[in-house]
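J.: As annotated by Swiss-Prot, Zn(2+) 1 binding site applies to Cys50, His72, Glu73, Cys179, with the evidence given as similarity to another entry. Annotation source Swiss-Prot lists NAD(+) binding site at His51, Gly204, Leu205, Gly206, Ser207, Val208, Gly209, Asp228, Ile297, Gly298, Val299, citing similarity to another entry. The Zn(2+) 2 binding site annotation in Swiss-Prot covers Cys102, Cys105, Cys108, Cys116.
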Amino acid sequence: MQQSPTAGKIINCKAAVAWQPAAPLSIENVQVFPPRVHEVRIKIVNSGVCHTDAYTLSGKDPEGLFPVILGHEGAGIVESVGPQVTTVQVGDPVIALYTPECKTCKFCKSGKTNLCGRIRTTQGKGLMPDGTSRFSCNGNTLLHFMGCSTFSEYTVVADISVVAIERLAPLDSVCLLGCGITTGYGAATITADIKEGDSVAVFGLGSVGLAVIQGAVKKRAGRIFGIDVNPEKKNWAMSFGATDFINPNDLQSPIQDVLIHETDGGLDWTFDCTGNVHVMRSALEACHKGWGQSIVIGVAAAGQEISTRPFQLVTGRVWRGCAFGGVKGRSQLPDLVKEYLDHKLEIDKYITHRRPLKEINEAFTDMHNGNCIKTVLSIP
């Protein structure tokens, strides 16, 4: 196996550091230590900016820890590997995975979920599996984020949290498969496994919601409703294949009542991509009695709870949720990269903004503007 000239050495590089919540990120010189057993060091080339990053930075995330290097939607090149790593090699183009896949824990072996349990405890603490960090800045230990930390020129991840992809794949596009697009597309094609002719409603038309629409089209759904309070999202929804667009602010009746009327009793599938618990209830209650299912994708704020009348469930509606669209990162993500290369999966259309790492705070501002779907960072 070839070796990088920096293998086994501490690398000094640039990273965007979140020193404290609700404060701008700071571009710093950081030290990235060599990978240990079953670890991989990656030269990050591109990273998307996700609402989950903003949520943690806001201080509203009860599991948010500081100081930390955020970012979890990145692609790059393997710089070096630690002992006992066999899944990737130096020079491989890769995507970092915030949802790992060890293939040996009870979750992975069950075949029922993509939620690997192998490193969940340490990942939630912002640490590598051995309980330590690979980042330092000015003598301060920096924490990892979601097992990825892609807002850095170099990062270290567990070998079960990275997957090699085809060398022809442009990293400034496929980096977005590290979270949002995969989450929405997988929710439609894997978690729901929509059948031809099924009726679908998607609440919230950011990148995740638009990806749900793309997945529904892939599965040959019938009527596809895009729902958003931003009227500018209508053109986006229709361009990805929605058949209808509804702005709840334009209605005199609750959105669920309108959808039930429009679909002769309710929808086969609804998807919440907002993280708003009131919208989650509307999405469930818009489902058809007897078989309609609502998939919760959006993450609600701390302390929020969902509620509905039990009769909604007794009469056959189902509430479900998914992370990363139900996609198994190491087993299935390379297939999505191939779909993109074969022009069967759209990625580039989502990219409305591109910025260098030094403009990361502006990228966070972009994200909250109604005309931004996805920003891709070039690193450094």
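Glycine is no exception: its Cβ is also placed from the backbone N, Cα and C atoms.
Where in this structure would I find these features, and how exposed are they?
T.: Remark: Cys50 (Zn(2+) 1 binding site) has His72, Glu73, Cys179, Gly180 as non-local neighbours, by Cβ distance under 8 Å and separation of at least 6 in sequence.
For the recorded site, His51 (NAD(+) binding site), the DSSP three-state label reads helix. Other Cβ atoms within 10 Å of the Cβ of His51 (NAD(+) binding site), summed over all protein chains shown, number 19.
In the three-state DSSP classification, Cys102 (Zn(2+) 2 binding site) falls within coil.
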J.: Nearest of the binding-site residues to Val299 (NAD(+) binding site) by CA-CA distance, picking from Cys102, Cys105, Cys108, Cys116?
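T.: Closest by Cα distance to Val299 (NAD(+) binding site) among the binding-site residues Cys102, Cys105, Cys108, Cys116: Cys116.
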J.: List nothing but the one residue from Cys102, Ile297 whose Cβ has the fewest other Cβ atoms within 10 Å; the candidates are the binding-site residues.
T.: Cys102
J.: Can you check which residues sit near Ser207 (NAD(+) binding site), meaning Cβ under 8 Å from its Cβ, same chain, 6 or more apart in sequence, and list them in order?
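T.: Set apart from Ser207 (NAD(+) binding site) by at least 6 residues yet with Cβ under 8 Å, we have Leu176, Gly180, Ile181, Gly184, Tyr350, Ile373, Lys374.
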J.: Any idea what the Cα distance is from Gly209 (NAD(+) binding site) over to Cys116 (Zn(2+) 2 binding site), rounded to a whole Å?
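T.: Computed Cα spacing between Gly209 (NAD(+) binding site) and Cys116 (Zn(2+) 2 binding site) is 24 Å.
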J.: For a quick check of packing: other C-beta atoms within 10 Å of the C-beta of Cys179 (Zn(2+) 1 binding site), how many?
T.: 33
J.: When neighbour density is defined as the number of other C-beta atoms within 10 angstroms of a residue's C-beta, which of the binding-site residues Cys108, Leu205, Val299 has the lowest density?
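T.: Checked Cys108, Leu205, Val299; of these binding-site residues, fewest Cβ neighbours within 10 Å: Val299.
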J.: Give me the long-range Cβ neighbours of Cys105 (Zn(2+) 2 binding site): same chain, 6+ apart, Cβ under 8 Å, in sequence order.
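T.: The list for Cys105 (Zn(2+) 2 binding site) reads Cys116, Gly117, Arg118, given in order along the sequence.
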